[in-house]
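Student: Checked TrEMBL, it gives:
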ACT_SITE  A:C564  active site
COMPBIAS  A:1-11  compositional bias 'Low complexity'
COMPBIAS  A:12-21  compositional bias 'Acidic residues'
COMPBIAS  A:41-50  compositional bias 'Gly residues'
DOMAIN    A:273-603  domain 'SAM-dependent MTase DRM-type'
REGION    A:1-56  region 'Disordered'
Amino acid sequence: MAENNSSLDCSIDWDSDDDREIDNYGLPSTSASATAPCGHSNGGSSGLGEGTSSSPGSNCEIIRHFVGMGFPEKQVARVIDELGDENHNLVLETLLTYSVLEDTPQQPNDIQVPEEVQHDLSLQELRPVESGHSSSDYYVNSFDEFSDTDSPSMEVETPSPDEDEKLLFLTSMGYSVFEASIAIERCGRDATIAVLTDFICAAQMARASDVHFIEQDKKKHSLGSLSKLKRRKNQDCDAWKRKKHRCEEDDELIRLPKPMIGFGVPTESYEIVHRTIPEVAKGPPYFYYENVALAPKGVWNTISRFLYDVEPEFVDSKFFCACARKRGYIHNLPIKNRFPLVPLPPFTIHEAFPLTKKWWPSWDTRTKLNCLQTAIGSAKMTERIRKALEECGDNDPPMHVQKYVLDLCRKWNLVWVGKNKLAPLEPDEFETLLGFPKNHTRGGGISRTDRYKSLGNSFQVDTVAYHLSVLKDMYPEGINVLSLFSGIGGAEVALHRLGIPLKTVVEVEISEANRNIMRSWWEQTNQRGTLVDIADVQQVDTDKLAQLMDLYGGFDLVVGGSPCNNLAGSNRVSRDGLEGKESSLFYDYFRILDSVKTILASRSS
DNA sequence: TAGAATATGAAGTAGAGT
DNA sequence: ACTCTACTTCATATTCTA
């Protein structure tokens, strides 16, 4: 089923055959903030003072570099003259700013940016946000599109410093100045970034309300459940606030496919073999992004919007192995002629753990384990279960005891290891289920607790390998990989097991223990390529990327799953969504991916 | 002090029924 | 439209212990 995902408003319509060109409307521009939203830095260097010491070069070269990105030569020369050529990011941000300020008055429909806004978006205030590369077109077009329907003569008060920060942040997310200022004006100065982005999304939706959507009668197993995203007519802000709750329920959210097989899995007959990827998203470089499927509402809409409006592929690993793992993947890989890793892993609990069969009661009908997480059940809890069962004698326990036990079994992924004896899985059993070699995370000074943590945060290798398998024919001589948030190397293990030579792997991983695990695996598997370690994603700026790409010849694949801490349902404390402390590092994934795309594009032209 | 052990719900989805 | 039940979830904070 050919699908055109070029619908660019915030409400994603996977089934629309709307053939509007990718005009960058609503797309967060390629300029993403390097500093994590909410101002935290995670201990990494960030912001204005970051050492973006560019390698010395002549002005000519640098001017050519930016001209190649589409900026007027005269303007580039002027900016470099003003700022020097030391800090490429600063130069780029300045050029972008000029693009915004100079282009806006030329928009059709006589839309004017309020003077105050223009004034407050002075160069100085835009500077502090370090940015990836961007096409200035994004700003221009998004401004144009937004203003097309909303009130053009909105009065905007002079922003307060707090407003400035929000304005700055929103523009760094890719929204136009006008969109951002209107949102702040309408929703109030105290509105959070989340509320403001919601407002902008709603306005974009409203703007698109005249677009008709063809609801396709898909088969039961199709991804049709992602569709049927209606459009709300009413674009009044107050009305929107009243209706927000209802709209979120039935309008704009990406829905999970059922069964959760993405574009297809080896074990199910139904599959999709064709999809349409937006032009701006097409590889190379190929990219592969992963996170939890059951994230808070709206998160996947945002992630998808940033990642060039590519439709997420939601897959439950229970179709690949003996444990469930519901994850969303956004990638621009072909989906035809995928193949699974062999040998196929155990498919049921009994196949994975034959020894448990002897003790498994008939009333425990589980065939698959639930998601492997970062923490395990306590001994006291399994002891309570044992006592409860022993009180029931040799017969099957009464229904309420069965339910009590089964609920805990499902919650903590317990398996039967003796008469009335349940136990959580061992770390090496985690490794097997997830497709890693046994003892992959063992030794090297890592604690048992940390093994669970690292494994619980990892890819399911068979699942990921199935998606990556199409790369094998494309890169017979080997592949250069930029691996962000590598963890214990799920992607690398998958590529290796697929028989794809790893020419270069640049891994970015904050945990030293995880980097050690990767390094150890690299050596044990006699890799002939080069492994480069980087600790902090925020150290990976445009200069660093350009340097690495000079050295190794560009990246073929940018792979990674950004932190799920603030998205995962298990988190009782800080499930704050995509703006959360750790999960906001998604924006760094986007920033880095976009920089790689930009650098590649500038070099190929 | 590091590691281990333990306790700590809510949010979201889906389906059935009223 | 609404309520109710059933089910799942890449985690965190605190306390204990060697």
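Each Cβ is built from the backbone N, Cα and C atoms, and glycine gets one as well.
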Student: Using all protein chains in view, find how many other C-beta atoms are within 10 Å of the C-beta of A:C564 (active site).
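Tutor: Around A:C564 (active site), other Cβ atoms within 10 Å: 24.
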Student: Summarise the model's confidence over the domain 'SAM-dependent MTase DRM-type' (A:273-603) as a mean pLDDT value.
Tutor: 96
Student: Tell me the coarse DSSP state (helix, strand, coil) of the residue listed as 'active site'.
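Tutor: It is coil.
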